[in-house]
Amino acid sequence: MSSTFFTCNCCVIQFKTSDLQRYHMKTEWHRYNLKRRIANLPPIGAEQFAEKLQISEKEQAENQVDEFGFPVLKPVMNQSNALPQKQKKPIKSKRGRKVGTNLLKRKDRDIAKEKQNRSVSPSGSISSQLSNLTVGTENTNTDYGEDTVSEYGFTSDSNYEYATSDEELDIADKPSDKENEKITITECIYCGKDNKEVERNVKHMFSEHGLFIPERSYLIDLNGLLEFLIKMIVIDHNCLCCNFHGSGLESIRAHMASKRHCRLPYETKEERQLFAPFYDFTYDDHSISKNLQNDRAITSKLSSVYGAKNDEEDGEVDITLVSSENDINANYTTVSIDESGLELTLPTGARLGHRAGQRYYRQNLPSQPNPNESRRTITAADRRMVSGVTEKQYKKGMKKMQQLEKNAINTQIRREIKRVNFQTHYRDELLQ
């Protein structure tokens, strides 16, 4: 009689009892094989999994970080400390022991002198905690060196000078003026390319990055607009289209390129007000007065044409609108008004009607047919008017036409009889 086994299909192993199988299901080896099975990979054995686990633990121990994300600095063992205790040769002779004690006493005297000098000198407050930790007696149980802090990964010689006053700290925190002068109005704001000229720079930003300057004809301060964009994007690292604030120049450039925000927001009233100092939408008084005079002349002419009850002039009335070259609507247009004063013909041939006749303009009346064409249609439909038809053929056609009419009437009668009982609440009085 064969004994029963409990099998794990994921790890391809067998167990004698169900308890062992349940315990196996909770192990990391089984979970790892489950993930491999989901990824369509074959399972691995326990020995191979143990090797992978040791490698991962070793990597984690080497790449340890503290709570702030900085790597944990481990002490570097000296060559003497790196050797095991068995390899160190013990001092057996009495002379050697005396030399060792003399060296320790001399070391203690040097340490005492150094402490005295530190207490007298004014630089005692600058001494770090690491220097205090390295000073110790022979009974101090430590693996670190006594004179340097190179065990922590630092060098004894430092190339940096520490700022001791508040003014030096403020100067160190403030960005240098050279960084602000890196971008000029001839350089691209979004990639930093130097185009040598302002107009070439604007064309480059429009073609490569999509920077469109709205209402360019009213722009009076292009250099000021570019300086404003440099201040907002390059110096302050702010996006004009959203509230994103970049950590640096490359950060804000990458954001604006990925989000397609290399443009000027000019849709709402608040956004237009932001760029208002660089535009001028006012006209000189001469052009304004000339436009008013032209408008009044056109209005009076049209009112006289539309309001006239009896037309004394023959032909059409031509109105020519010629404006000055400096006007915003500088063009030459000729329009024609018919005798009724309700239609205006454009140079393209299109006709514009007065709103008083919109009821008639909306009608879609069919055109009058040509009498010759209508006569031909009747002739083609009635074969009696065609030459060459005999009386016998005519009578035969009449009989056939009458038969078709009779069949159509009978079909209609049959359909009407069937539809009588289609009523919802129909009650036949004869059947009651």
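Cβ atoms here come from the backbone N, Cα and C positions, even for glycine.
Taken from Swiss-Prot, the feature zinc finger covers 6-30, 186-209, 237-261. The region 'Disordered' annotation in Swiss-Prot covers 79-150. Among the features that Swiss-Prot reports, compositional bias 'Basic residues' is placed at 86-98. The compositional bias 'Basic and acidic residues' annotation in Swiss-Prot covers 105-117. The annotation compositional bias 'Polar residues' is assigned in Swiss-Prot to 118-143.
Same-chain residues lying 6 or more positions outside the zinc finger (186-209) and placing a CB less than 8 Å from one of its CB atoms are 222-223, 226, 229-230, 233-234, 253, 256-257, 262.
Assigned with DSSP, the residues of the zinc finger (237-261) fall into helix, strand and coil as follows: 10 helix, 2 strand, 13 coil. Residues 190-191, 209-210, 229 of the same chain lie 6+ residues outside the zinc finger (237-261) yet bring a C-beta within less than 8 angstroms of a C-beta in it. Among residues of the same chain six or more beyond the zinc finger (6-30), those with a C-beta under 8 A of the stretch's C-beta atoms are 37, 43, 46, 49, 53.
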